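Enquirer: For reference, TrEMBL lists these features for the protein:
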- 1-27: region 'Disordered' (REGION)
- 85-107: region 'Disordered' (REGION)
- 92-102: compositional bias 'Pro residues' (COMPBIAS)
- 423-446: transmembrane segment (TRANSMEM)
- 469-493: transmembrane segment (TRANSMEM)
- Asp542, Thr544, Asp974, Asp978: Mg(2+) binding site (BINDING)
- Asp542, Lys543, Thr544, Glu652, Phe700, Lys723, Arg757, Thr837, Gly838, Asp839, Arg948, Lys954, Asn977, Asp978: ATP binding site (BINDING)
- 1064-1084: transmembrane segment (TRANSMEM)
- 1113-1132: transmembrane segment (TRANSMEM)
- 1152-1171: transmembrane segment (TRANSMEM)
- 1183-1208: transmembrane segment (TRANSMEM)
Amino acid sequence: MRGWEKVGSSRSNLDRAGSTATTNRITSTVRLGRVEPQAPGHRTIFCNDREANFLVRFKVLSFHLYKSLALLCLLYADSEDSAKFQAGHNASPPPPPPPPPLEEGESCWKESHVPRAWLRVLRDVVKRLIFSLTSGVRGNSISTTKYNVLTFLPKGLFEQFRRVANLYFLTISILSTTPISPVSPITNVAPLSLVLLVSLIKEAFEDWKRFQNDMAINNASIDVLQGHKWVEIPWRKLQVGDIVKVKQDGFFPADLLFLASTNPDGVCYIETANLDGETNLKIRKALEKTWDYLTPDKASEFKGEIQCEQPNNSLYTFTGNLIIQKQTIPLTPNQVLLRDFVLSVMLEKRIPRASEDCNGEMVLGPDDRETSIGHILEVGCSLRNTEYIVGAVIFTGQETKVMMNSMNVPSKRSTLERKLDKLILTLFGALFLMCLIGAIGSAIFINRKYFYLGLTADVEDQFNPDNRFLVFILTFLTLITLYSTIIPISLYVSIEMIKFIQSTQFINKDLHMYHVETNTPASARTSNLNEELGQVEYIFSDKTGTLTRNLMEFFKCSIGGEVYGTGITEIERGAAQRNGGNVGKAQKSPGLVHEKGFNFDDARLMCGAWRNEPNPDTCKEFFRCLAICHTVLPEGEESPEKIAYQAASPDEAALVTAAKIFGFFFYRRTPTMIHVCESHVEKMGKVEDMSYEILNVLEFNSTRKRQSVVCRYPNGRIVLYCKGADTVIYERLADGGNELKNITREHLEQFGSAGLRTLCLAYRDLSSSSYESWNEKFIQAKSSLRDREKKLDEVAELIEKDLTLIGCTAIEDKLQEGVPSCIETLSRAGIKIWVLTGDKMETAINIAYACSLINNDMKQFIISSESNEIREAENRGDQVEVARIIKDSVRKELKKYLEEAQQYLRTVSGPKLALLIDGKCLMYALDPTLRGMLLNLSLNCTSVVCCRVSPLQKAQVTSLVKKGARKITLSIGDGANDVSMIQAAHVGVGISGLEGMQAVMASDFAIAQFRFLSDLLLVHGRWSYHRICKVITYFFYKNLTFTLTQFWFNFQTGFSGQRFYDDWFQSLYNVIFTALPVVILGLFDKDVSAKLSKKYPELYKEGIRNAFFKKRVVGIWAFFSFHQSLVFYFFVSTSSSSSQKSGKMFGHWDVSTMAFTCAVVTVNLRLLLMCNSITKWHYNNEFFTIYVLMSTICFYLTFLLVPIAALFGDFIFQGVQRWFFPYDYQIVQEIHRHEPEHSSSMQLLEMGPPLSPDEARSYAIAQLPREKSRHTGFAFDSPGYESFFASQAGVYVPQKAWDVARRASMRSRSKLPPKS
């Protein structure tokens, strides 16, 4: 009962400190701040003892049940029975908290607060009961489903009715069941039911796939210790505290405490490819106290107690202690093995190949001739290079860190969708106005003088002239149900279907965005933002891994003030060409070593030649720092030629590889030792093995920007090696040595201007006494259960000071293929690109030059903290003064540059502008007093480069443009430090590169290379924007047209609410008669081809200007709706008013059916006028209604003339617009109207087994060319010439009769003399 004892003790302490005599007198007022049972801040786990863990779980269950029941009792705190209850239970657990938030001294029993308090209390009770009942039952089973059997219907309906349109139609359906409704309830209930049914089926199908995946995971098997042997059980039966055995290549079923391994020194290697995308192996080390618990007999003796943090979603932190044999040992993330992401994938034996979709685009598609379902593929974190390990279960099921991170990307809505909401509200306004006019007209029209209406005294209230106000109200409600079709009920479903197919079939399968080298296609992780891709105006891009390849090579270095390395980078060549110079190829040294991660050329450091340098001792410290200060894992044989390095980042691997080639070969790592084979240290040619004891590792993170290792030499020397960013290292250098500092700083700037990534290296000798005193503080901070990371950082500051500078390294990261041309294309499209990077100013500038973001013709505004005034203030060490000086400097420069920019913009031929700002200045520029000037200046610049920025600053800059300028933004990155920026933008794009999958997991779209952004935006984004705009405006047009005909009819019926159309016509107009054609338009309409979209990127500017969904465009559609509705009603009613020769007259339903038929035909023909391209899917039967009236000539004349009259204005308008006011894409259409579209459907992407002979023959026949028929029109292919072309291709096809006839006619024509 340890948890209750703590609660009881806390209550007694608070009671003694609080007011007196609570046991003798019960007040009638419930106040805030009373004692409340608190969930413990940490949890206790008993290893290998299920009964003890059950009691702990029972305590937690009881705790939540008690709080639930106590909250219910709280509402009766003022009653006498409640007073007796409290007086008689003072020894019980303390009273529960009141329902928040009541004011101080305010009674919960007051009438005004009882309903609200009840709702909040009941909500809290339900949550606690659900948690209590599920926490003890679910165990290690997981559930990623959105629904279950009980919640599917209520929760699914709730999700659907969150949409305003669905809620509106639910209200209309309810009104249609009342006597005031002029239409049958089926008129509104049927379409709504159909829409809801389709949506719920879609939700159920997606959730069923999640359920199948969950079942496959939960039923996987694992070895668990039961008694003195391993027993195989399903994952779902695993419980906290169990001892499990994970074999090589196996997956971790829960979050485990690593106890023992078959490898020496308690080490195991894990691959976390599905957790963070990194394929390099990571090392985990068990505590030395638990190394022996490897066999079942020894493991059964393990009775440790784990005190650890509560479950949370922090993947890279863990705070806890292991109590074993009365000794408390701190635990770190190094001893924790996280549960895997395990994905159940239904593998199908398919042959993916390139095919041509209806857009004429190459897509990846399967050839589903053979399907074998049921194969399960598990991908995730797994055990490598280790026979097996033994671990204790810490967190299970939904409480594991991975599952607590498995949340969806923040929901985003496109700008067009938000504008659609405004259009729906406009339709609501139109509906209200129409109903208001009708209701007023009805109240005025109703009069007993119209005796033929039978308005007697007992007439129903809606037509009672004695109460015109009631007539007004009832008629208003009646007309709401009658005109309900003005809101398109199928709009949302149609748009969702279109977007889903666009993303899954067009974007995901586009061959132009498929990266062959890494076998990575594009991936649309959401379909909500397809059209947003067609309106992007600002792109925020990371540099490393996004614009560059993230393949690091050791290129140059500076040691003791001397530069080494003779290579020339691509950026240096580009800079020389811009300045009019010409840099020749550098002379390669004989015997040059080129290895992955190493591209260094300088004979002064190779093969031990560094011993002849003026500073050999500094060179030795430099190489040892490279070989020791890292977290790299060696893999393979322990020889320089065959060893492979697994590193957390390509930079580290490159540095260790450089140390190896320089003669300091790191070949083995244990948890406490690093083994290095050193050459030429004592004398040339001598090789000796050195073992360095690793005492402490101070790991790198984005806040520290440095990494340190404390090691002990074999001779007892204790050294701290540190490497990190120059700004961080320079702040921690010892006094003196200013000459070396200045020279090295110049070298850093020189390397940065060449586009190289730099790190500073430093060291510090430690005495035994100073180290021991510091280590005690380090162990204490490491054992802390609260704020461990913060305390470790504070302790690290105590030892990472008074450093001695060794030198710096320079690593080259080359640009990705096609980046400059892609950026140039996007710039022509009107898109402004900003680079947000953590590199130095010089590096960022040169990368911007290499990417064509900046050129010499631009006017550059540079705001940097590297000024003399700021440096002098930093040297004085007064941080307040430094902050004041930087802020004043930023304010002055922003004001000056903004005035210059405005002057340049006033001139006709002013230069383009570029802004470059570093992180320190950006921090002050984002201050509320200055961000306005920063935003105005930035928006006037063509390119912006922000360097030395943190992940938070990236997100702040993105939000500044998104919210301040209200522009459509896109962020693209590949690393974890880009996640906040990706989520802050309207559209987030992740690059599946070498820095893990964090960016991809947080993104909306994923691509493999930056250059694919042009296809994503200029092709798919622009097409999606065009299509969705047409779909929305067409829905608006056809529904307004249909409803207005009903509105005109009511003028002839005394505004009585009489319906014009049959109930079924009104019900099925949206969901049947006009549903499919608009979906086909949204999927396949294409104004220009993908090739022309990229050839003329200026077409994209129409999306930035929102040219196809402006108020003017909607107004034009509304005008033609108004016009056509008048034509439909009055033409049809007028033409049908006269009697036929037989004496028959058209009745109400005859006229309405004729008008309905004309409306359906006209709106579908209007849809054809909108189409830029026609495919086989556009040919749909549009004539659904056949009545007796079709036997009359009047119907056919009306049927032909009314659509022509209705569409005549549209036809004239489109012609005038295309000739005199064309859109950009229409100009391109005219330029290329005679050019046929060339497809590359013969290109295949063979990823499966070869085709059988019959399949190959069928496929070859399908690819045969076909002649365009001279008799059936250009749109129809001739079936002839198959055998002829087949024989040319070497494929046998039987002869056909028309082949013989056509070849004979062709031979006869060939004999005719040519025309002169």
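In case you wondered, yes, glycine gets a Cβ from its N, Cα and C as well.
Those TrEMBL annotations? Automatic predictions, nothing curated.
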Enquirer: Can you grab the distance from Arg757 (ATP binding site) over to Thr544 (Mg(2+) binding site)? Cα atoms, rounded to a whole Å.
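Expert: For Arg757 (ATP binding site) versus Thr544 (Mg(2+) binding site), the Cα atoms are 10 Å apart.
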Enquirer: Can you name the far-off residues of the same chain, 6+ from the ends of the transmembrane segment (469-493), with a Cβ under 8 Å from a Cβ of it?
Expert: 163, 165-166, 168-169, 172, 175-176, 178, 180-183, 188, 191-192, 195, 198-199, 424, 427-428, 430-431, 434-436, 438-440, 442-443, 446, 461-463, 1032, 1035-1036, 1038-1040, 1042-1043, 1046-1047, 1050, 1055-1057, 1059, 1066, 1069-1071, 1075
Enquirer: Tell me the Cβ neighbour count for Asp542 (Mg(2+) binding site), meaning other Cβ atoms within 10 Å of its Cβ, over all protein chains shown.
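Expert: Other Cβ atoms found within 10 Å: 28.
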Enquirer: How about long-range neighbours of the transmembrane segment (1113-1132): same chain, 6 or more residues beyond its ends, C-beta under 8 Å?
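Expert: Those are 423, 1033, 1036-1037, 1040-1042, 1044-1045, 1047-1049, 1107, 1151, 1154-1155, 1158-1159, 1162, 1198, 1201-1202, 1205-1207, 1209-1210, 1213, in sequence order.
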Enquirer: Using a 10 Å radius around each Cβ and counting other Cβ atoms from all shown chains, which of the binding-site residues Thr544, Asn977 yields the largest count?
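Expert: Of Thr544, Asn977, the one with the most crowded Cβ is Thr544.
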Enquirer: Run through the Cβ atoms and count how many others sit within 10 Å of the one on Arg948 (ATP binding site).
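Expert: So the number of other Cβ atoms within 10 Å of Arg948 (ATP binding site) is 23.
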Enquirer: For Arg757 (ATP binding site), what is the tally of other C-beta atoms lying within 10 angstroms of its C-beta?
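Expert: The answer is 22.
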Enquirer: Where the distance is taken from Cα to Cα, which of the binding-site residues Phe700, Gly838, Asn977 turns out closest to Thr544 (Mg(2+) binding site)?
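Expert: Smallest Cα separation from Thr544 (Mg(2+) binding site) among Phe700, Gly838, Asn977: Gly838.
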Enquirer: Give the sequence-ordered list of residues that share a chain with Phe700 (ATP binding site), lie 6 or more positions from it, and have CB atoms under 8 Å from its CB.
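Expert: Spatial neighbours, sequence-distant, of Phe700 (ATP binding site): Arg706, Gln707, Gly724.
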Enquirer: In whole Å, how far is Arg948 (ATP binding site) from Asp974 (Mg(2+) binding site) when you measure between their Cα atoms?
Expert: 17
Enquirer: Measuring Cα to Cα, how far is Arg948 (ATP binding site) from Asp978 (Mg(2+) binding site) in Å?
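Expert: For Arg948 (ATP binding site) versus Asp978 (Mg(2+) binding site), the Cα atoms are 14 Å apart.
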Enquirer: Round to a whole number and give the Cα-to-Cα distance in Å for the pair Asp978 (Mg(2+) binding site) and Gly838 (ATP binding site).
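Expert: The separation of the Cα atoms works out to 11 Å.
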Enquirer: Tell me which residues of the chain lie with their Cβ under 8 angstroms from that of Gly838 (ATP binding site), as long as they are six or more apart in sequence?
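Expert: In sequence order, Thr544, Gly919, Cys947, Arg948, Val949, Ser950, Asn977 meet the Cβ cut-off.
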